[in-house]
Amino acid sequence: MKHSLMELPFGQTELEPYISAETISYHYGKHHAGYVNKLNSLIEGTEYEDKPLDYIIKYAHDAIFNNAAQIYNHDFYWKGLKNGSTIPSVELLGMIEHDFGSIKAFEDAFLAAATAFFGSGWVWLIVSKSKKLEIKMTSNADTPIRHGDTPLLTCDVWEHAYYIDYRNGRAAYLSNWWKLINWNFVSDNLSDFMNDPIAGYNQSCNDLNSVCEYVDFMQNNERMPS
């Protein structure tokens, strides 16, 4: 199985002025493409040659894992960007307010974590194994799906994501990245997560489960079918 470079969901100039076409050209066309080419080279003739990306991420180690995970992480990053107005779904906004207090409090916490992150890696909004929304940081190529968490949103804080446009000004990059979040993508990821466990909701929920508390609220207010 040959892995291929995803098509960007936007034109290379569409994220300007926040992310330049030059950055996209290098970040997507050189770095992201490089991971794809390297992975295909590494897995040739191995047990991973015909395996899908999620399988490789789950079981591989070292260079094969690193390149596979970086493909996944970059795919997720690009899908989460859009230069245009989008808003969180009612369900997503409700869970953000439940777990962070407000959308502004979540923004502040996410950007603070990403600004303070030491070295290269990724900052994520995830649904944790305990079914709460959390901000998670992963170093280098590490990725939440390796650890059983469900990603909803990610920000790339490797320097190649912003150095052309912002030099070492990570905070400025992050502030403008926030303006590009595709909340439709984030909301769809939450919806996909909720649609699987909801069928077994009554068997698996407990008072400490953030998703279940929110479903209770929605059902009690007749905003979600029971």
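Note that the numbers count up from 1, one per residue, in the order the chain is shown.
Glycine too: its Cβ is placed from the backbone N, Cα and C atoms.
Around Asp156 (Mn(2+) binding site), the same-chain residues at least 6 positions away in sequence with a Cβ under 8 Å from its Cβ are His27, Asn73, His74, Tyr77, Trp122. Per TrEMBL, Mn(2+) binding site is recorded for His27, His74, Asp156, His160.
The residues of the domain 'Manganese/iron superoxide dismutase N-terminal' (2-81), classed with DSSP into helix (H, G, I), strand (E, B) and coil, number 48 helix, 1 strand, 31 coil. The annotation domain 'Manganese/iron superoxide dismutase N-terminal' is assigned in TrEMBL to 2-81.
Under the heading domain 'Manganese/iron superoxide dismutase C-terminal', TrEMBL lists 89-188. Here the domain 'Manganese/iron superoxide dismutase C-terminal' (89-188) has a mean pLDDT of 98 out of 100.
Marked as transmembrane segment by TrEMBL: 109-127.
Surrounding the centroid of the Cβ atoms of His27, His74, Asp156, His160, where the record places Mn(2+), the chain contributes additional residues within 8 Å, namely Tyr28, His31, His32, Tyr77, Trp158, Ala161.
A helical conformation is recorded for His160 (Mn(2+) binding site) in the three-state DSSP classification. For the binding-site residues listed here (His27, His74, His160), the lowest count of other CB atoms within 10 A around the CB belongs to His160.
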